[in-house]
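Asks: Structure provided below as structure tokens; questions to follow.
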């Protein structure tokens, strides 16, 4: 039969045939065919208009679309561009559809109402059926009769049946198409019936399937094969000019294959939690809310008349706990995870043979007291930064020494010297981690995946060099213990400027960088800068926040990188690709422009296996932060965070431009509520926007016009006004002001380094921030010892969003205070900062409305500043069990069956919620339970003290000293865990623990001697008391210490409290019968 060189394949069950191209000329498209622009919907070549130009459907974004797909979208779809959403306008040669303007100025009556070509209709319909599941084929089926000239014999069981005419054929190819690669399946019908046609997948090249009678078995493999073949053709394509000379076309510039190239694909993606895990969790939250409603309905309507005070107190505490749970729960509604593609980042910004286009990064390291923050730990952090897997010319490390200690200065000089050996060793053998202390101390097979024979020898030599380096640092620490009476002097005999910590000038020293110092292999090293800001009496230095703002200004003058990484001195880089992970979000062309910072989770070394004080804080970092990432992003936690410099400067997030003429979003269309008011409203909004532009935009655009030399009216006046406003905002440094306008960062290449150093000294002077917006709207925000929460909150109020990045290998690791006292002091400082924010004008309950802060994100910030106030009801609630056992009263009446079921459902909902959180958060039950225990321990100790200290500081002006958490050196595994340090924070939990234990003894004794009418109340009171004791068990274990011996001070407190409880015991007198006769009067005759 005459098939035109094509293969006919059939299916007996489906009663249809498929026509497949099988000739050699159609196997691979030629380079000339691929060079034309193709439709992104059906992959057909876009036709040319009458004037010879390609057909353009969307005038806003020029998304490649052929005319048939354009006409189908206007008639059957949303009438909008798939890429930008702009409503399609009628183009000459296309029919009019509902919604077109009557006065479109197109004189095209012959095409205004004509029908579409059926073959294109079926292709567009099939594509949109795949995108919009649920549409029936009847919406896109079109009728046309067969042509008598297209006679193809019917192939029946491999035999040609010439007795059947063309109007009875199952396969009909219309002669009007002229396209050999178009196939239409038609069910068997008679000559008088209309025929429904449908093509094969339009974008598929059918020749990739080869010969045979079977269609594809694995679509994915065929699709991959097709993409590889097309990409190979494009790579080998040569485009000739008029003289015949050709040049290789860069495949990255081919508009027909934007997503085929790996380097043009997104650098990251969101991974929502599986619905099988998150949907039951969401349903349970609603169930728990319903159970809470029933619970409070029962509690309020069933008071305890003989213990009304206990009942009322317990109900108030329970209501507060419910509100606190709601504030903590709903920000977890939409948790997500993220995945980065480092290979795509390299393909896009690190092309072979060209300089790296990755953005520069300035890294900030802050330290205060070298006695509490050992210099060896700080040196390891700096070494891990200098050896990071990032272009060396793009990295600058700034170390802020807020204590102006010569010990830190000398330790950095030794660190810079050792870095010349350590950095090339790390990059040569790709070792992890790149902090030498933790690399050499890790217990693992260091030869795994190492193939270089020289590795063992060089590792031994490097370990010996590092041990010598440690000896030098330890010698410095030993010498610094005895401070001379006249203070320290430098090598040239001049006094060290920082001998007086509270009164000294600013100091800047560049150890590495552009000074010509290279590593042992002759390669350039990243810049290393020592900074100690000026301090004078009478100036408020704002502690860590002020030091970080000084680093922002110094780095803006010296390097001005567009991105900043902030780490504490004890948080080293555990993953050398951590900065690249952050750049996958920051430098993403589509989603990166609105990201203000990328927050990494905190991971810790040196914590005991049981983590009795919940130092890892896994519940917060693996559950709460994932939930926030699905809303507007995680909060800033103070370290391990990559910032966008422009966001720290207080600028608003870029607004997404709404394309004009967008289609109405009302659904369904017959229920449109706009009523023609949409355009008017949009016009009013635009007028308001023109009347009230952003002040920062005015300033930036004014200075941009000046730099470009544009001659506009009153240019000089505008430039002076803008300059004055920027100086009022950023300070009197012209270099700093000019650097704020450079979105991509950088400093002029012809600037004298000496002049930059002089400018740097100026911007770290103690009076530079006066009458500026530093600490108010720019940089780290002042007003709280937890400046991290306040700084991230201000950015979110400006419309920015943040991102939570959790790479498989932890990006940063630090040391945590495993000692009980140090841990409680750390929690005290965090809670104190939250109280200060709550009592300030920046409280998220009333600040930031009308900005870009989302409601669920606001809930999370409210919870972060309200949680210290929970300590009051928590302390009272934990005291109630002992009071109930000592007095014989209870907070609930006699429990009925309904009440018993209600209480059981309440406890079950709490337990199941925790189990489901552990499931989608991927944490263990040990971590979850330790977090619950320390919530009680910290709530009745650190949070309580923070609440009173915050009230005294804000209301009475009584200042509290900021205590730096000590970072212990490696003197032995868990050596700090069992050291007992007395602090007043231990008093409240100790008291609660003892009175509840005594209460249990009293209750059991009372029950044994006098008996109970009902054992239910006794079990309820015992369960209540044991609940408190179990939660305080880690605290009790910490008090006992390593030797299981009670310290003397605790013994004294126990005796004092026991005396008080003994008096209560005598007052209660449980051995005396309350209802029966008095034994002293009755005597022994009563026993007869």
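In case you wondered, yes, glycine gets a Cβ from its N, Cα and C as well.
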Asks: Look through 819, 961 and state which residue has the annotation N-linked glycosylation site in Swiss-Prot.
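Replies: Looking at Swiss-Prot, the N-linked glycosylation site feature maps to 961.
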Asks: Please find, within the list 963-983, 984-1004, the residue stretch that Swiss-Prot describes as transmembrane segment.
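Replies: The listed stretch tagged transmembrane segment in Swiss-Prot is 984-1004.
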Asks: I'd like to check whether residue 894 and residue 1037, as annotated in Swiss-Prot, sit on the same side of the membrane - that is, whether they share a topological domain name.
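Replies: Judging by the topology that Swiss-Prot records, the two residues are on the same membrane side.
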Asks: Between 848-868, 1016-1036, which stretch does Swiss-Prot give the note transmembrane segment?
Replies: 1016-1036
Asks: Of 270, 543, 577, 593, which one shares the UDP-alpha-D-glucose site with 366, 372, 373, 402 in Swiss-Prot?
Replies: 543
Asks: For the transmembrane segment (1016-1036), what are the same-chain contacts with Cβ under 8 Å, counting residues 6+ beyond its ends?
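Replies: Answer is 612-613, 820, 878, 880-882, 884-885, 890, 892, 894-895, 930, 932-934, 936-937, 989-990, 992-993, 996-997, 999-1000, 1003-1004, 1007.
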Asks: Taking the Cβ of residue 788 (active site) as reference, which residues of that chain separated by at least 6 in sequence fall under 8 Å from it?
Replies: 635, 636, 637, 638
Asks: 10 Å Cβ neighbour count around residue 69 (Zn(2+) 1 binding site)?
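Replies: By my count, 27.
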Asks: Reported as an integer number of Å, what is the Cα distance between residue 66 (Zn(2+) 1 binding site) and residue 81 (Zn(2+) 2 binding site)?
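Replies: With the alpha carbons as reference points, the distance is 12 Å.
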Asks: Rank the binding-site residues 42, 58, 66 by the number of other Cβ atoms within 10 Å of each Cβ and report the first-ranked residue.
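Replies: Answer returned by the neighbour count: 66.
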Asks: What Cα-Cα separation, expressed in whole Å, is found between residue 61 (Zn(2+) 2 binding site) and residue 42 (Zn(2+) 1 binding site)?
Replies: 18
Asks: Mind giving me a neighbour count for residue 402 (active site)? Other Cβ atoms within 10 Å of its Cβ, every protein chain shown.
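Replies: Result for residue 402 (active site): 23 other Cβ atoms within 10 Å.
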Asks: Within 10 Å of the Cβ of residue 84 (Zn(2+) 2 binding site), how many other Cβ atoms can you find? Include all protein chains, please.
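Replies: Residue 84 (Zn(2+) 2 binding site): 14 neighbouring Cβ atoms within 10 Å.
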Asks: Comparing the binding-site residues 39, 61, 81, which residue's C-beta has the most other C-beta atoms within 10 angstroms in this structure?
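Replies: By the 10 Å Cβ neighbour count, 39 comes out on top.
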